[in-house]
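See structure below.
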Amino acid sequence: MGKKIKKEVEPPPKDVFDPFMIESKTAATVVLMLRSPEEEVLAKACEALYKFALKGEENKATLLELGAVEPLTKLLTHEDKIVRRNATMIFGILSSNNDVKKLLRELDVMNSVIAQLAPEEEVVIHEFASLCLANMSAEYTSKVQIFEHGGLEPLIRLLSSPDPDVKKNSMECIYNLVQDFQCRTTLQELNAIPPTLELLKSEYPVIQLLALKTLGVITNDKQSRTTLRDNQGLDHLIKILETKELNDLHVEALAVIANCLEDMDTMVQIRQTGGLKKLLSFAENSTIPDIQKNAAKAIAKAAYDPENRKLFHEQEVEKCLVALLGSENDGTKIAASQAISAMCENSDSKDFFNNQGIPQLIQLLKSDNEEVREAAALALANLTTCNSANANAAAEADGIDPLINVLSSKRDGAIANAATVLTNMAMQEPLRLNIQNHNIMHAIISPLRSANTVVQSKAALAVAATACDVEARTELRNSGGLEPLVELLRSKNDEVRRHASWAVMVCAGDELTASELCRLGALDILEEVSLSGSRRNKFSELAYNKLLNNNLSLKYSQTGYLSSSNIINDGFYDYGRINPGTKLLPLKELCLQEPSDRRAVLLINSKSDVKGREKKEEEKVKEEEEVMAVPKFVGEGSSDKEWCPPPDPDFSMYVYEVTKSILPIINIKEQIEVLAKYVAEKMGGKIIKEKIPDFSWELHISELKFQLKSNVIPIGHVKKGIFYHRALLFKALADRIGIGCSLVRGEYGRAWNEVMLQNESRKGVIGGLPTFEVYVVDLMFHPGGLMKLRSREADLYRLL
């Protein structure tokens with residue numbers, strides 16, 4: 001160990017008169033002498049007060065009460081060198097008192113104190129002026145004053161002073177100042193690192209320690225790290241680590257090295273000099289928690305380089321890090337967890353932690369220290385990403401419950417990391433079911449409501465991963481989780497919006513949840529997003545289409561297309577084409593409107609009395625239960641059970657007849673042809689193309705509007721229908737008997753159905769997959785005729 005700096009200040013030089021030996025009762029008299037015009041009296045009074053103040057804090061407070069501070073400040077600029085020196089000595093002692101410091105700030109004496117650091121002043125003045133600044137710099141306001149009065153430059157110069165006390169005081173003041181970013185920048189400009197590195201060679205540990213702590217702060221800046229490296233600073237640091245007698249300095253030395261390892265050039269240099277192995281040795285062998293912690297921090301930073309990870313793995317660093325997880329020191333646990341996170345980039349290391357490491361990290365999730373939980377969750381997140389074995393290991397270590405508990409942490413990082421682990425685990429169905437059984441859908445709601453975008457993003461992704469079945473979606477819906485999820489669709493953050501869209505797409509997998517999402521405005525928000533070139537993403541489009549598939553009336557009005565998988569049910573209505581962004585009015589509202597010259601709204605509703613009166617009561621009860629249990633889509637009815645859509649006994653009869661006569665037909669092509677002829681017959685029969693203007697279907701529709709006193713016309717009422725009437729009826733009936741067909745809206749009132757049939761030319765061919773061809777169904781000119789989609793005949797039907 002180096003020797004200590006002297007605690008007692010040496011007696012003043014011989015040219016100073018013997019001081020008064022004063023007590024508290026005579027101190028007031030001496031304070032009055034500070035106003036004397038005689039230099040000799042002033043010098044003697046200052047020395048006496050210095051001796052008095054040295055005796056303790058009570059005497060310092062006495063001098064403050066007696067008003068000694070203000071007259072003493074004037075003596076800092078006295079012409080007489082001895083008076084100025086003795087006054088400076090007093091302030092070096094008095095400035096350790098908080099009340100004195102406050103008064104000195106108010107008196108704005110910083111400039112006068114800094115002036116005492118001039119090269120021509122005596123060493124003793126340098127000592128006590130720097131002591132005064134060191135004491136004052138402990139508080140923010142004083143730091144600002146010292147910096148603004150140019151105190152850094154003379155303080156840096158004094159780091160090369162021959163006097164150890166001057167060095168110590170100057171270094172301490174600089175350490176306090178560099179806590180501020182602006183001071184660190186200026187320090188770099190003043191080239192303070194070389195003299196600071198020189199102090200690492202000091203024989204006084206307190207000076208070495210202050211120099212290391214200062215380097216630990218300033219090496220957070222890249223330029224400072226470069227300067228330290230260029231001045232062989234790493235050699236000094238490694239030498240300290242190699243000296244057992246300097247073990248009190250190892251903690252701070254490791255902290256500086258850890259900072260320096262953020263730069264690749266430094267990393268290469270320390271690897272070449274064997275410094276990485278020394279770091280590992282310190283982490284493994286030291287019993288001092290702070291040394292372990294800083295060594296683990298250094299390993300974590302070094303492990304961001306692939307070559308270092310490879311070297312660490314060869315040295316079996318994983319065993320060391322797992323051992324450090326068991327430390328009693330929380331800081332060491334955090335650093336070890338962070339190092340494991342970094343080592344996860346090495347696949348071999350990732351596999352190692354499967355059996356050793358994951359169980360210990362799961363235990364750390366139960367820590368009372370939030371930072372420990374966050375670091376452990378981060379390590380687990382990295383370990384389980386793209387690694388199903390590690391995800392299984394986390395579950396086998398009973399990790400699901402503590403992970404879900406972390407979702408209620410006070411630290412955003414911990415929540416985000418825990419959500420990531422649960423998402424990784426949920427990729428496997430058995431684990432997903434296990435997670436669902438631990439009430440994940442309720443626990444994820446709070447993260448969904450977080451103000452932190454990272455937490456929002458990870459929470460939404462967790463919903464997408466876990467809400468993959470009806471039971472989970474029902475729990476999320478009943479717990480109130482859909483509302484915050486829908487709100488995330490409005491986020492200005494791209495990743496949040498993308499993951500929220502993904503989650504909505506998953507949740508729209510069942511009708512009840514999709515209905516609730518629409519009620520909460522998800523469809524409107526996604527439509528708005530889809531119209532924005534900058535906010536739209538693949539998942540928002542998929543989510544929008546998924547919700548549209550549960551609101552076919554809106555889908556057909558917006559897109560003009562229903563696929564064979566879009567099954568038309570009761571309550572569907574064809575409003576006609578609407579532009580993107582236009583609101584589709586609900587069916588009830590449309591039904592209550594007076595007739596107008598606007599295009600008629602076609603309604604599909606098979607509920608009526610024709611199924612038999614004996615079933616009426618049973619169906620009524622069933623319908624009421626559905627009304628109570630299923631929220632209606634916007635535009636597809638109302639939850640108001642006093643209102644029901646208009647009945648359509650004719651369409652109900654159509655369903656009955658096609659089910660009885662066409663469903664039993666075995667050949668799908670024949671089914672389509674027969675159904676087409678049936679639809680044409682119900683809609684006015686075959687029409688000669690040239691005589692369409694004479695068909696007078698418009699008059700018929702107008703009469704129906706007048707008769708029904710509404711723009712909404714049940715499809716069964718239409719007896720004279722053209723393209724779009726017949727195509728809708730064909731699709732509605734085909735869906736009832738399982739014939740796959742699409743419904744496509746064209747221009748000028750055209751609409752048609754497309755069906756897919758096996759290629760006739762391939763029938764009977766052995767081997768190979770069957771090929772299919774798309775046909776357009778003729779419902780107008782040659783009912784039952786099938787036209788190949790790309791044929792001229794089909795083009796004329798669709799476009800002319």
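First residue shown is number 1, and so on along the chain.
Even glycines carry a Cβ here, placed using N, Cα and C.
Record features (TrEMBL):
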- 253-503: domain 'ARMC5-like ARM-repeats' (DOMAIN)
- 648-786: domain 'EDR1/CTR1/ARMC3-like peptidase-like' (DOMAIN)
- 150-177: repeat 'ARM' (REPEAT)
- 356-388: repeat 'ARM' (REPEAT)
- 480-504: repeat 'ARM' (REPEAT)
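Listed as Cβ neighbours of the repeat 'ARM' (150-177) (distance under 8 Å, sequence separation of 6 or more from its ends, same chain) are residues 5-6, 110, 114, 117-119, 123, 126-127, 130-131, 133-134, 137-138, 143, 183, 186-187, 190-192, 195-196, 198-199, 202, 204, 206-207, 210-211, 213-214, 217. The average per-residue pLDDT of the prediction over the repeat 'ARM' (356-388) is 96, rounded to a whole number. For the repeat 'ARM' (480-504), the list of distant contacts is 441-442, 444-445, 448-449, 453, 456-458, 460-461, 463-464, 467, 513, 516-517, 520-522, 525-526, 529, 535, 537, 539-540, 542-543, 546-547: same-chain residues at least six beyond its ends, Cβ to Cβ under 8 Å. Helix, strand and coil counts under DSSP for the repeat 'ARM' (480-504) come to 18 helix, 0 strand, 7 coil.
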